[in-house]
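K.L.:
I'd like to ask some things about the structure below.
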């Protein structure tokens, strides 16, 4: 019987060489015997999860590696000794080298983005292929189908609100009937309304207004309404026949209303049953008695969604203009609002709503700024907030949000950047980009007039400043050389910009995305994309394997950052979205509905 053999390279396998190869890919084992773990294991690179269309070995890998050493040794005991000595170590060594092969990662990325897409959009030199593929697979696993689930949940919530409103109307009707407040007048379209100035208590039910008259009060005040052209006024000097006819009308109406309420309660009960049952498979709404429902009941429930949604609704009393995740792991969130305050939230506590830690600057209606808070930036423990009051305030997150300093600008602050420790850049309404040193009492270092209109977006690194203006230009400024390198004229103006590695992505006022390359001081437009936004692109985030955008058209979109972008999900919001922030896979958005919403991996 022939021995199993795997040929790796040109080396001949032997016991000594097998031990050497095994040591080249060490792996921690749960056993206390430190000398054994090199014999059988997978290197960390092989644990990268894979999503569609490739199977995910992560769960199997973690299961194998978590086995006690005795079980691993028992499995290996069923293999020939020569295989254990010579083959297994070399297989592990070879698999470890797969993670270092750029071509293998490029093939994986091509499968994820599709054969017709170009990836990456910018330069390939030094591109981090493993990180990009890992991030894309996680993005696909989390966000594919999330938009459809959110739409179904919103539809179900609306139906539930309709049922609640119907019940509330019925409760009001019953309360008024029990109190005996007068009698009912039916007012329909085309019939005369009651005279102005008459006190009335009423509620709307299916397009019909039922008005309760306090008869004694009307008589005392002399404001008794008169009959006009067949109006039905009950209890005001009417004869027996008219009262009996009115009573019959009322009884018939009440029977109809009672039937409607019973139907509404039945629908609500069934919706509740479906909500409980469909919380696992995300099918919302009363699909009562359908064939699909009967078939679905026999199926196994789907797994829970990969993402959970948090809402931070109660911290502001006006639109939230900006949001920023801080701390490095998406655990803290800062929000700036038109109510002039900056709130700091703890996302680790508070269940589905988070917990408000501080309103920076103290307590009161206008404690942080004296004007709209328009932008936020952070680096390490330093948080900066820019406002329409022409100031930038600095806060120390390491000291519970204590104020660290105040910078006075000469115009409304519209965008901020913190490219280095203690270096702050601010773009203002007076067409300038200013450089500040946050450590000194007189912080202004330099004020640059780079544009002919307000500066709307700003990104920077240790050497370059990139700014976009309402004058429809993008300027690249070299901080070290102290000069403008390039000024690019566009057909629209940019409102949001993201600078990552050698790629710059931006969103404009027409709903388009723009991609540029930035390498060795050379700024080149690459392409522009229509991803379906129909209004201002107010926020954008790009990393090697992800692209997030939001817009005033009330949508948030998640894409793969290829050319053209592959859109995985579109979330529809109730109001315009003013900005977004992404950190450690957590997404936060600033809403025109005075709230912040967060999506993160389910815990």
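Cβ atoms are placed via backbone N, Cα and C, with glycine included.
Just so you know, TrEMBL annotations are computer predictions that nobody has curated.
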K.L.:
Can you identify, from 130-152, 153-175, 176-198, 199-221, the stretch that TrEMBL calls region 'Disordered'?
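P.N.:
So the range that TrEMBL calls region 'Disordered' is 153-175.
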K.L.:
Pick from 253-281, 282-310, 311-339, 340-368: which range does TrEMBL record as region 'Disordered'?
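P.N.:
Result: 282-310 is the stretch TrEMBL calls region 'Disordered'.
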K.L.:
If we skip the immediate neighbours and take only residues 6+ beyond the ends of the repeat 'WD' (366-397), which ones have a Cβ under 8 Å from one of its Cβ atoms?
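P.N.:
Same-chain contacts beyond the flanks: 321-324, 326-327, 332, 334, 336-342, 344, 359-360, 403-418, 420-422, 424, 426, 428, 436, 438.
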